[in-house]
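Q: Next up is a structure, given as structure tokens.
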Amino acid sequence: MDAPSYTLSKIAERDNLAVYELFFGPNHPGMHGNFGYVLEMIGTEIVKVRPNAGHLHRGFEKLMEQKLWVQNIALVPRICVVDPDPNEVAYCTAIEKIMGVDIPDRAKFIRTITLEMSRLTSFLMGMGALGAALGLYTPMYIMMADRDLILDLFEWLTGARIYHIFNIPGGVRNDLPEGWVERLNEVLDHLEKRLIEYDKLVFENPIIHKRLKGLGYISKEEAIRTGITGPNLRASGAAYDVRVDDPYAAYPYLDVKVITQDGGDALTRAVQVRLEFEETIKLIRQALKEMPDGDVRLNLGNLSMLKVPKGEAYAKVESSKGEFGYYVVSDGGLKPYRVGVRGPSLPAGLLYAQKHLPKMKIDDVAAWMASLAICPPDIDK
Amino acid sequence: MMAVLRVFLFGIFAIFIGLLFMGIGRKVIARIQLRYGPPFYQAFLDVGKLFARKSITHNFVMDLGMVMALGGLLATMLFVPIAGHVAVKTSTNLIVIMYLMAIGYLGMAMAVAASGNPNATIGVSRALTMMLGYEVPFFTVILGLIIVNGTSSLELISQSQAGSILNWNMIKFPLAFIAAEIALQAMMGEKPFDAMIAPAEIASGPMVELSGKYLGLAFLTHAVSIFVETAIIVNLFMGGASNIFTFVLKQFEIYLITIFIEAVFPRFKIEQAVKFLWTVPIGIAVLQLLLILL
Amino acid sequence: MKMQKSDIVKLLLDRGYSVFDLYHNQIALAVKKENLLNDLIFLRSIGFEHLSFITAVDFIDEGEFEVVYHIWSYTHKVHILVKVRVDRNNPVVPTIINLWEQAQFYEQEVHEFFGIKFEGNNDLSPLFLENWVDIPPLRKDFDTREFSIRLYDAEVDGGDR
């Protein structure tokens, strides 16, 4: 597989007319979000890649310095569109670390349950997007319908379907309503039954195996060295999970099983999502069983006049794509001094594009992006 | 005069049935995907809307190519017997039909290559490669049937299956039917062989530069191609029909099989598709050929 | 082999670093920019192998930028913040793209938003902003309200800040 790219680069040097430029661009049916790659190609093989980021830059880091601490919770979920809850939890955890407070136990369990439910929706969309990048549209529609059941539960609990603004420094806003837990159990049972259909449609499909095998191989050492985190890292064989290494919320009380495989290519990553899906359902069930009683928020006074003492903290959370980190610097005032956001898609979207794409054909770019769970909003912020 | 009117009526009929099949097909796929789907006459509304819009054209070659595509397929349709009626009464030679079908693809290739978008050029090269892929097994199947019947006239082949259902070539030569079904999936450009369209990879391939009336012409071309290809299969394997209604019903059955396979498969890469088409259907067709000769 | 956080703090103090103990698994380290590469190589050799993030903070009252490197160790489960202070009027920091490849993009981002030069990094072209002619936007002396009034030629009539 190395010989063609050597020859192609030589052709590119010699004959400028053979190379043409193609925008795998912001306006493309196979791209997730407004992000682009400017590809230089010969025939259908890619020779050089230049990322074209910034279409989704909304200036969050500057904006957050000009709003009150609690106003930023409305901005923060919008940094990641498919999996918004880890943002809120990471931001609030960083503030709680600087203030030195510990939230009540019931709030920790509610945070864990909403985080895991958000992970389920993101996995459903991720599996659907992987199929859609290859032309398999049927499971994508069924998965979006199932995702709607979970979003209805969120609307019942928090008032909004996708951007919840539910976590605050000191806990969560309100307690679980009557009947919510029974409905959640029904939805989980329904999802477990559906997993059998998804297996038959997506994961045992011979064409999916043929298309994804050997695509975008990342070895374990390379993944650790270049900052790949989350299910992608575990699919390359490294058993690291933020919920186990640096636990937050209620994870010290639950037993999280860290699933690893060694394969490292796109097919392994797709199966990894499927295995972690089952594990997430088990975690929610365990958290529901062990949830204690109590209040759900600390009394920190009027949150609009919250003053966080001087200090800094870095809090990280395991989202469905990897490690989401928030670096919060406070100077003792009503507004943050600096908030730095670490998105999990930057190593995969920008660095690995230049490592993997030049040996690939145009057919595989969309499937490669979907398998690495590259989500452009958290590259651009 | 009567001949011109006859040709015109056959053309309108082919377009009408093709668009109707497209609309019902979308409804069937939607029900498989657990949603309601558009109404069954959606394809007519789409074509009506597209022809009411302004369109962008690059040059004269693009105009000519699109019209040539539709014209080529309509010309093919003129020679295919529909329940015994043929638009042009001279002959229904199978070789002529297969030859004229290629003009449709070549017309579209010419139109789209004139637009200058690299996505479109990649799509067109994939379409022509796919044609290379499916023509070989299909021709092997046709060769077998021509040898059995001793003639290459589609009308005579369909009449030789008259009688009972056990006379149909589908029952007498099942391996040929299976090989032809796989080739038909590639001929109609449906998954798993739709590398030509591939929205997620090359932004809809040839149709990326077509807008307004040109896209409407592309829809009509697709509709007529559905009609012609299912009609050929019905004539070859299901014995034609005695009246038009039964003929359309048999065409619809073949189209439904295509839709059911399309709903659950992703697409092959173009090299994998051609490799598949040149090993599995050809093997089955050659096996059938040997069974016929011996 | 896993070390406790207190052992790591003791090891770093013995070598002469100034260490701040932040939380039960986070420590901060202040280094000088001349020794930055050697310090990072040393940290990497004792097990801090995952570079999460590179960012910067603008301390305009003190006239300095602070570039912060976030490094996590999978073996010791400790997070370390390596901070480098540079002068605000001529901010130059050595690059670390030879140690960690993903630093290329983080450095590009910090250069675009703060104006800090990373010497040794040849490609500091703009990553997110296009045709930007103002000062780097995340600096504290960039006023967003005044920028948008100037850009859109707006009339401002009252309203609270």
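Yeah, the Cβs are placed from backbone N, Cα and C, and that goes for glycine too.
Residues or ranges marked as transmembrane segment in TrEMBL: B:6-25, B:60-82, B:94-115, B:127-148, B:168-187, B:214-238, B:244-264, B:276-293.
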Q: With Cβ-Cβ distances below 8 Å as the criterion, list the same-chain residues six or more beyond the ends of the transmembrane segment (B:276-293) that contact it, or say none.
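A: For the transmembrane segment (B:276-293), the far contacts come to 133-134, 136-137, 140-141, 143-144, 147-148, 173, 175-176, 178-179, 182-183, 186, 193, 268.
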Q: Quick one: find which recorded stretch in B:6-25, B:94-115, B:127-148, B:168-187 has the most Cβ pairs under 8 Å with the transmembrane segment (B:244-264).
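A: Counting Cβ pairs under 8 Å, the winner is B:6-25.
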Q: Thinking of Cβ pairs under 8 Å, which stretch from B:6-25, B:94-115, B:127-148, B:214-238 has the most of them with the transmembrane segment (B:168-187)?
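A: Ranked by Cβ pairs under 8 Å, first place goes to B:127-148.
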Q: How about long-range neighbours of the transmembrane segment (B:6-25): same chain, 6 or more residues beyond its ends, C-beta under 8 Å?
A: 38-44, 47, 74, 77-78, 82, 87-88, 219-220, 222-228, 230, 248, 251-252, 255-256, 259
Q: Going along the chain, which residues at least six beyond the ends of the transmembrane segment (B:127-148) come within the CB cut-off of under 8 Å?
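A: Beyond its ends, the transmembrane segment (B:127-148) has Cβ neighbours at 94, 98, 102, 105, 108-109, 157, 169, 173, 176, 179-180, 182-183, 186-187, 189, 193, 195-196, 205-206, 236, 270, 273-274, 277-278, 281-282, 284-286, 288-289, 292-293.
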